[in-house]
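TrEMBL annotations:
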ACT_SITE  Asp155  active site, charge relay system
ACT_SITE  His228  active site, charge relay system
ACT_SITE  Ser564  active site, charge relay system
DOMAIN    37-121  domain 'Inhibitor I9'
DOMAIN    146-614  domain 'Peptidase S8/S53'
DOMAIN    386-475  domain 'PA'
DOMAIN    680-784  domain 'Subtilisin-like protease fibronectin type-III'
SIGNAL    1-20  signal peptide
Amino acid sequence: MASSLSLFISLCLISSVVLPSSSSSSSSSSSSSDRKTFIVQVQRDAKPSIFPNHKSWYESSLSSVSSSSTQKTTTFDTAIIHTYETVFHGFSAKLTPSEAQKLQSLPHVLAVIPEQVRRLQTTRSPEFLGLKTTGSAGLLKESDFGSDLVIGVIDTGIWPERQSFNDRDLGPVPSKWKGQCVAGKDFPATSCNRKLIGARFFCNGYESTNGKMNETTEYRSPRDSDGHGTHTASIAAGRYVFPASTLGYARGVAAGMAPKARLAAYKVCWNAGCYDSDILAAFDAAVADGVDVISLSVGGVVVPYYLDSIAIGAFGAANSGVFVSASAGNGGPGGLTVTNVAPWVTTVGAGTMDRDFPADVKLGNGRIIQGVSVYGGPGLTPGRMYPLIYAGNEGGDGYSSSLCLEGSLNPNLVAGKIVLCDRGINSRAAKGEVVKKSGGIGMILANGVFDGEGLVADCHVLPATAVGASAGDEIRKYITLFSKSRSPPTATIIFRGTKLGVRPAPVVASFSARGPNPESPEILKPDVIAPGLNILAAWPDRVGPSGIPSDKRRTEFNILSGTSMACPHVSGLAALLKAAHPDWSPAAIRSALMTTAYTVDNRGGTMLDESTGNSSTVLDFGSGHVHPENAMDPGLVYDISTYDYIDFLCNSNYTTKNIQVITRKAADCSGAKKAGHAGNLNYPSLSAVFQQYGKHKMSTHFIRTVTNVGEPNSVYRVTVRPPSGTVVTVQPDKLAFRRVGQKLSFLVRVEATAVKLSPGSSNVKSGSVVWTDGNHKVTSPLVVTMQQPL
């Protein structure tokens, strides 16, 4: 399909072709290395009757221009790459420049078009993650694009008519599938196909709290009235779609992580929220239906696992061999904000890509301030400057007007002006609607101090852009300085479209929730980060791109940001890894993603924190940014059994009853507690927490077991980068494997010296433990936290 898309784009964009002259090509005509793919358009009705079909005619044409007699007899039976019979008549083949020139001269040949290589760009995340559709190897090829795997998306439902969910060229529904396509309002059972193979909705918990839903505003069916579920589903497993864009931004080919994986939608989120009883029912149904992966872009407060229905449902899923990925939450950049922290869940934070949507503010003093937006409506008049006001100076109580809350702006003061609004309380797009209804001509949305410098591009309903906290301060100072001068403050917004190749990237998104893990500090969370800022994916009809009810614009794709968008990236990657390695457990898949993750950006430095511009840390990105191709061949994995998780819960001081709630198994903790501490769970990361209590020297140890999934007869040696102020030793320092599947253990001892801290504070340092055999690099972050009790 990728090649036919490339063909289509080539035909649309290439109006004329200049082939090399015959005099310059003769010297290279016999070299196979000079061959390139050309698309040959022919006059279909000119086929002589002597040829039984068009393909044989095309082969004869190729043979007549062949550069060597040997190729005529041995090559051209298989020379045709594709034949085209519907929207385009002709074929494609690899030719030397001389052969292409000769073909062009044949009377029935209309055009000989050099093939151009196109990149998947709209979501851009497949390309940014290194997932290539070309070549004979790689994760997409090895997994057949995830074709027999089923991803269950627990979310707001799905809009099944979107081309991202078409089932063209897919094989039959996997025989293991036991799910259903549950009919409901505006969702007949025929809404499912070989791509969307199952759909259910769960609303009893929602309705038991809120009463019967209002079916004029939401669907009693799997149909998505919000957009979030459609978006996340297509990120995980959307098909290739061209053309794709949002309001003209991010044009190109859309693709999910596992384009051939099957989807099952489990709708649990409604206008009033997502209720635990419904979420647990969805987990139950998904596992029974036979999904391989569950993607959950839903979160909340952190509570003990035995009180957390998501943790309980996820444990049951993992115990049945189902990989569960969940969003880390959007509570960043503050610490202790990460959610969905159970160790049997893969917790995903958000990073940026090398694509941006710049929309800069030009002030009347000539200053240019960087911003972002995906506004696609009528723009501001080029070259014209508009009056600029700060909403907080123009309203009643100052506070509500500064935030541009509903009803807070005075139309007499706002009309015809660009309005600076502060971020907070109501949605970013809703602020623009408030300004527009008050007669404002544009909006600048400024981050607060907590938001820092992280920018999110939105589909605003009027010309608008978002700027960072420091830029907001600068604009407010400009307004104050010039408000009483003869030259009142003015501004305009310059929309610059889509920019690719942005550096640095990736950067940890400002909103991405951060560690440490509030429930289990011995388990580093988030586990990894993945693309989550300004992600383009499928979007339903009947929902405007801004998400505001008054927004009547319609688009097949929308650009959203959040760890909700990062999570399905990992869900799709997990499906690819499971397809390539059917025998891998969920823990092994998570290990492969974690130990091969990277922490450097495209400039070669440590990934930055978007909120501050400083280097990010393991508490921000966990093991790092996912690297799918390396994850396919990690060398070693840290596997975890159900009983390992039970030991972990024992060592976390959970009672046997608490543990049984989570695992449905009776637990005897006497042996587990003798074995060590919660940090001894066979996790791919290592986190030591020391309570100083006046001690000067402290130590702990970790026992880890790795399974060889690389080559037999391989020898791994360890390299340790100890956190500052610690001494770290690993025994043994060499692991010699005789066979694939063999398990070997090692011990990591950490000795730390107390540091000076105020009561109740902590100090976090990080390092790493890396095993390598020369081909594989198996990296585990090592985090040491020194805490001073109150």
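Just so you know, glycine gets a Cβ as well, placed from its N, Cα and C.
All TrEMBL annotations are machine predictions without curation.
A quick note: this is a predicted structure, and the numbers were derived from the prediction, not measured.
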Taken over the domain 'Inhibitor I9' (37-121), the model's mean pLDDT: 71
Among His228, Ser564, the most crowded of the active-site residues [Cβ within 10 Å]: Ser564
Cβ neighbours within the same chain of Asp155 (active site, charge relay system) - under 8 Å, at least six residues apart: His228, Gly229, Thr232, Ala233, Ala265, Tyr266, Lys267, Val268, Cys269, Ser295, Leu296, Ser297, Val298
Residues of the domain 'Subtilisin-like protease fibronectin type-III' (680-784) by DSSP state, where helix covers H, G and I: 1 helix, 66 strand, 38 coil
Counts of helix, strand and coil residues, the domain 'PA' (386-475), according to DSSP: 28 helix, 21 strand, 41 coil
